[in-house]
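See structure below.
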Amino acid sequence: MSSADPQVETVVDLDAIAHNVRVLADHAGGAAVMVVVKADGYNHGAVPVARAALAAGAAELGVTTVAEALQLRAAGIDAPILSWLNTSDADYAAAVTADIEIGVSSVAHLRAVERAARATGTTATVTVKVDTGLNRNGVSGAEYPQVLGLLRQLVDERVVRFRALFSHLARADEPQHPAIDMQRDRFLDAIAVAKEHGLEPELVHLANSAATLTRPDLAFDMVRPGIAAYGLSPVPEISDFGLRPAMTFQARVALVKPVAEGEGVSYGHEWVAPRATTVALIPAGYADGVFRPLGGRIAVRIGDRLYPNVGRVCMDQLVVDLGDNTDGVREGDTAVLFGPGRPHPQHWADLLGTIHYEIVCSPRGRVVRRYVGDVARQGGV
Ligand SMILES: *Cc1c(COP(=O)(O)O)cnc(C)c1O
């Protein structure tokens, strides 16, 4: 690496994204694939991930907010984009103008979209998110008839185009759980009730990553995977499904030095050198997304070897023990915090009692993102 390289970075492999999208498409059978690029593409970079996914065969993109959708449009991405979680005062006028499909979860949301469509003189494309048992976002059973009644009126007036009906599963990572079948049945009911209101969706979709990979019977017209596109298994205890993790979190060794036997290392001296040793300073800390509770419990990979972190993780740095440093680790060497091989984000998740979704969302602040892979070299970024 040259001196201009960042001290701490995430390297995102766009070939891995493309590979994972193809794996998902295989599992989806004939269904289309919408790749979810919310939260800046699960912290992998929404725009490059979206381009790589579309080039690999994804048909549509899913995001949370209108602002996220507009960012993709501003980058010149013209694929269908669905945005499904917004307050009623979101900039729906901008969304309608940019041809963003809006997911609504209440009469209030639909009224807000109606106002935007009338104000801009543009037909709004609306998708209804129905709550089938997650009890989070989505139209409640109580409000569903009212939403459909208003939707029917707006469709008749051509203020709104009704594109799709969708829902989200609560326990998809437990593929045999009866709650999944309960939600499927409620989803089928919701589709039937829409038809009774004279509303025929162009498509319906339900499956996230876990359902796409383990419940092909729930693919409907389109699947809606997120985490699996980034190469992490939504059901780690079953299989990795041949997915390739796209993110590597790494830093360059900032300093190598000896520590005498009996010397304490890092704040609080929680680790005391049991013998004379050599340590390496890794310039990544909790401000960069290395969770402080991991102190003394993780290892970093330098070359082919794993070196244990010793002492506390600080805001900007952590220390690893090189022992006799027989491999000659030097300042500037790359230390992998997590990536496709070892250490793996799942390991951090296990140590922290969380899920790898949160681990890949953690690198931030000073961390610089860089892209590798064919898609990046072709200027697709
Ligand atoms: C985040 C999200 C997804 C993707 O979930 P994964 O578990 O990452 O596949 C799909 N649909 C909705 C509504 C979501 O919020």
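Cβ coordinates are placed from backbone N, Cα and C, and glycine is handled just like the others.
According to TrEMBL:
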- LYS38: N6-(pyridoxal phosphate)lysine (MOD_RES)
- LYS38: active site, proton acceptor (ACT_SITE)
- ARG136, MET315: substrate binding site (BINDING)
- 246-372: domain 'Alanine racemase C-terminal' (DOMAIN)
- TYR267: active site, proton acceptor (ACT_SITE)
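Location within the structure of each feature annotated in TrEMBL.
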residue : record                         : Cβ within 10 Å
LYS38   : N6-(pyridoxal phosphate)lysine : 18
ARG136  : substrate binding site         : 11
TYR267  : active site, proton acceptor   : 11
MET315  : substrate binding site         : 11
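MET315 (substrate binding site) sits 11 Å from TYR267 (active site, proton acceptor), taking the CA atoms of both as reference points. Cα of ARG136 (substrate binding site) to Cα of TYR267 (active site, proton acceptor): a distance of 42 Å.
In the domain 'Alanine racemase C-terminal' (246-372), helix, strand and coil residues by DSSP number 22 helix, 47 strand, 58 coil. Taking the C-alpha positions, the distance from TYR267 (active site, proton acceptor) to the residue listed as 'N6-(pyridoxal phosphate)lysine' comes to 37 Å. Model confidence over the domain 'Alanine racemase C-terminal' (246-372) stands at 98, taken as the mean pLDDT rounded to a whole number. Look at ARG136 (substrate binding site): DSSP puts it in coil.
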